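Undergrad: Take a look at this one; I'll ask things after.
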Amino acid sequence: MKCEYFGICGSCRDYEEGYEGQLERKVSAVQELFFPLYSGNITVCPSPAERYRSRAEFKIYHDDGGISYAMNRLDRQGALKIERCGIVSPSIASVMEKLLIEISDLGISHKLFGVDFLASGEGEITLSMLYHKALDDEWKSKAHELEKRLGVYVIGRSRKQKVVLSQDYVTETLNIGGRMYRYIHIENSFTQPNPRVNEQMITWSLGQIDKIGGDLLELYCGAGNFTIPFATKFDRVLATEISKASIHAAKQNMALNGVGNIEFVRLSAEEFTQALDGVREFRRLEGLNVADYHLKTLFVDPPRAGLGEEPCAFASRFDHILYISCNPETLLRDLEILSRTHTIEAMAAFDQFPYTHHLEMGVKLTKKGCV
């Protein structure tokens with residue numbers, strides 16, 4: 001990908017060797033990092049080299065009565081005005097070209113400090129407009145007109161205020177091994193930003209749990225990105241997540257895909273461990289007999305902090321562990337603990353964020369002595 005802002009814009013920090021060169025360097029780094037624990041092949045799942053992001057956030061820069069998109073500078077010396085971005089999806093790129101003109105024409109740029117885009121592969125877009133002022137009926141009327149002109153869903157946000165004019169979500173379709181899954185993605189909530197790599201992550205993960213059977217426990221399930229395809233491989237799935245909005249979306253996604261063998265529970269990983277061990281009782285588990293589940297497989301996709309000592313001790317109870325990590329350093333720490341009881345069977349690298357040093361990892365572990 002060629003970009004006039006390489007070396008200036010803080011979004012893409014690793015660009016000098018082209019996409020293939022930077023990916024090869026990142027993979028070599030994680031091979032070296034994990035070599036003391038795993039010397040086997042690491043499956044590499046690359047990204048498209050451009051137009052891969054379905055989610056993007058831009059600052060709005062005000063100058064001489066006009067507005068521009070802006071990003072943090074690579075040298076951290078203020079903001080960089082930009083006109084375009086080569087990593088956003090084609091549908092976002094198309095709206096970006098027209099948006100600022102329409103905002104100025106409608107007179108709704110005052111106190112606007114940011115715009116967030118969320119797109120689906122089918123071209124649906126939510127446009128979240130962030131303001132340092134309260135949004136009144138006049139703004140709503142003009143924002144409705146913006147929706148009509150651009151064919152997007154506009155959401156206005158300011159301090160303690162969220163204005164949804166029509167809807168605040170898009171519906172994404174993922175192709176997983178030839179089967180289509182549909183997901184509701186809500187603005188301002190976590191979604192995987194790179195759909196093509198996300199498809200590879202799910203497909204690789206399904207290959208690791210194929211034919212294990214029994215029931216699955218998933219911690220940090222989010223809106224069911226992995227949960228719903230995983231349900232095809234297990235008798236039942238018990239999935240936990242602390243976010244109320246994510247649990248709501250997960251249940252919607254379960255219904256959208258006609259899946260019926262998942263139980264979503266709004267509990268943290270720590271709370272669920274306490275419930276499973278009988279340390280605490282939770283009203284959210286009323287009517288659900290957790291002890292009735294045959295849980296021999298655990299799937300975790302934790303935040304960057306990873307699991308840590310106590311959650312790893314809990315994970316070590318399971319015959320099979322599938323771990324998706326967004327931080328190789330904390331993954332290494334956790335694998336040093338888990339490798340006391342488990343053997344690393346497979347590992348993968350997912351390039352969710354090209355032109356950055358970031359690389360996501362997948363690991364399949366099996367308890368030592370488990371057939």
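Glycine residues also receive a Cβ, built from the backbone N, Cα and C atoms like all the rest.
Grabbed the feature section from TrEMBL, which reads as follows:
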- Q192, Y220, E241, D301: S-adenosyl-L-methionine binding site (BINDING)
- C326: active site (ACT_SITE)
- C326: active site, nucleophile (ACT_SITE)
Undergrad: Taking DSSP as the reference, which of helix, strand or coil describes D301 (S-adenosyl-L-methionine binding site)?
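TA: Going by the DSSP assignment, D301 (S-adenosyl-L-methionine binding site) belongs to neither helix nor strand, so it counts as coil.
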Undergrad: Measuring Cα to Cα, tell me the gap between C326 (active site) and D301 (S-adenosyl-L-methionine binding site) in whole angstrom.
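TA: Here the two Cα atoms are 8 Å apart.
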Undergrad: Test of understanding: give the count of other CB atoms lying within 10 angstroms of the CB of C326 (active site).
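TA: Cβ-Cβ neighbours of C326 (active site) within 10 Å number 19.
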Undergrad: Cβ within 8 Å of the S-adenosyl-L-methionine site's Cβ centroid: which residues qualify beyond Q192, Y220, E241, D301?
TA: F190, C221, G222, N225, F226, S246, P302, I324
Undergrad: Once the chains shown are all counted, how many other Cβ atoms turn up within 10 Å of the Cβ of E241 (S-adenosyl-L-methionine binding site)?
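TA: The Cβ of E241 (S-adenosyl-L-methionine binding site) has 25 Cβ neighbours within 10 Å.
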Undergrad: Within 10 angstroms of the C-beta of D301 (S-adenosyl-L-methionine binding site), what count of other C-beta atoms is obtained when all protein chains are considered?
TA: 20
Undergrad: Just to be sure I understand the packing, how many Cβ atoms besides its own are within 10 Å of the Cβ of Q192 (S-adenosyl-L-methionine binding site)?
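TA: The answer is 23 other Cβ atoms.
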Undergrad: When you measure from the Cβ of Y220 (S-adenosyl-L-methionine binding site), how many other Cβ atoms are you left with inside 10 Å?
TA: 20
